[in-house]
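**Student:** I have a structure here, written as structure tokens, and I will follow up with some questions on it.
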């Protein structure tokens, strides 16, 4: 017997969950540097154009697809056409891969939260991170040592994530996001205010916001803006399709998409101000230009910020705690949404109840994560898998979904009508054109650029075999799994779109 | 800080946080309007003037 579909308790709960998914580690460690490296203040223009012409339209499409089909990603694509099902399973496989390494970064942040109490990284946070904490092997390939310092917090992260998911959409995901997202915004705001009062803060902000108008004429700047928008809005993962499938019938999809997207962008601006105010402080303290202090990713969060925290004149422990708790919260809300994509797909496919589905699916993901990443090879695995699954998983699946929906199945007008049926702000023909033309062109361009770069310059200077196995291998396996799982025969039932106007 | 830097800092905050605030206000007003009782000759006061999709409730049709 099929399980009744769960629902969000409130519209605010759904929006907070969507915002929680969007506000991830990338908002803090990626956006500020991308803006700084691509024209500073001038980056705002391509970013805003990308948000309005591709990010929000794609978000509305995913909301509409999920809401109309009331199913997970594979179910949603299957409801368009049976041949489109592999795209949904491809997104599920991509989420599986991302979940196994994303949790590890949260586990590092948990450990650094502890380290910040005694400033345990000492005077050289870089050596501490790579040699003492992660104990990274000299060369990639072949696990030789397990790192219990990462393993235990990682197990903790998985227990919390799966416990929240097991509680269900309303009592678990929604309730957690109602606590985590406001807490994250308040904590990060406190951090930003503190950073603004540091000596050199305005030097950092000048570096971030001083516009280089010539950058607007550069193609790579526009590509960077679109890439940032795609990745930070959680589109192309199946997350927004899954979350929208739990909406009640009277749901404002366009309005929710606008609120969620602007909330994410507003947080990114906040993060940019906080990060560069702090980087300005460390640059001025060290007597170097901001460009020597500016960094992104792991280098920013686990090397530059510990340096900043150690150098603070007062309140170092509180600043450190606020920063790493913010990271943990931003990561957890995103991780929950990523795992939920897999759980929902398995539930829809097997009709399994939530708790067994969470324990089975989550158990497998958590086991792989705990076996592979708290090791001396963990950082290498993470780096290569993250690069390839994003470039050839998320971006490629997005491109495939838009080409199939807009060009092969020509169902954009159906989705537009559905979005307009219950939404406050209606979308028109422009929305269809943006999705059918702008989005595939940009994603296609991104994919071609990535492949050319990959072929001319092997990623990260890693051995070819290592990149082939963990990069191309994992990304290719995700695609192959998507196709294979969709080939398993389904017990046929009605899978057509639900036309709210004809029902009743 | 340069004039260009300050301007872009202010514009960034205004566009993103302002955009969010405007969207939230517009949606809240729309929702209020939708939930206002609709009265008139021959019409009963009822909560919700928008399309009543709730009565079309049906069990999920997708699931194998």
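These residue numbers are counts, starting from 1, taken along the chain as shown.
Cβ coordinates come from backbone N, Cα and C, glycine included.
All annotation found in TrEMBL is predicted automatically rather than curated by experts.
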**Student:** Between A:123-149, A:258-284, I'd like to know which one TrEMBL lists as transmembrane segment.
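**Tutor:** My reading of TrEMBL: the transmembrane segment range is A:258-284.
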**Student:** Name the residue range among A:150-167, A:204-221 that TrEMBL annotates as transmembrane segment.
**Tutor:** A:150-167
**Student:** With the ranges A:430-448, A:449-467 to choose from, which does TrEMBL describe as transmembrane segment?
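**Tutor:** Per TrEMBL, the stretch marked transmembrane segment is A:430-448.
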**Student:** What stretch, picked from A:12-31, A:43-66, A:87-110, A:150-167, A:258-284, has the most CB pairs under 8 A with the transmembrane segment (A:179-202)?
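**Tutor:** It is A:258-284, which has the most Cβ pairs under 8 Å.
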**Student:** Residue list, the transmembrane segment (A:87-110) vs rest of chain: Cβ under 8 Å, 6 or more residues beyond ends.
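**Tutor:** Tertiary neighbours of the transmembrane segment (A:87-110) are 25, 72-78, 133-134, 150, 153-154, 156-158, 161, 236-239, 241, 298, 301-302, 324, 327-328, 331-332, 334-335, 338-339, 341-342, 345, 365-366, 368-369, 372-374, 378, 381-382, 385-386, 389, 393-394, 397, 400-401, 404, 474, 477-479, 481-483, 485-486.
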**Student:** Which residues of the same chain, at least 6 past either end of the transmembrane segment (A:318-343), have a Cβ under 8 Å from a Cβ in it?
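**Tutor:** Apart from its flanks, the transmembrane segment (A:318-343) reaches 17, 20-25, 27-28, 72-73, 91-92, 95-96, 98-99, 102-103, 105-106, 109-110, 112-113, 116-117, 119, 157, 160-162, 164-165, 173, 176-177, 180-181, 183-184, 187-188, 190-191, 194, 234, 237-239, 242-243, 301, 305-306, 308-309, 312, 354, 357-358, 361-362, 365.
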**Student:** With a cut-off of 8 Å between Cβ atoms, can you find at least three pairs linking the transmembrane segment (A:43-66) to the transmembrane segment (A:430-448)? Only pairs 6 or more residues apart in sequence count.
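**Tutor:** These two stretches do touch.
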**Student:** With contact taken as 3 or more Cβ pairs under 8 angstroms (pairs 6 or more apart in sequence), are the transmembrane segment (A:430-448) and the transmembrane segment (A:222-246) in contact?
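**Tutor:** Contact criterion met.
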**Student:** Considering only the recorded stretches A:12-31, A:222-246, A:355-374, state which has the highest number of Cβ pairs under 8 Å to the transmembrane segment (A:150-167).
**Tutor:** A:355-374
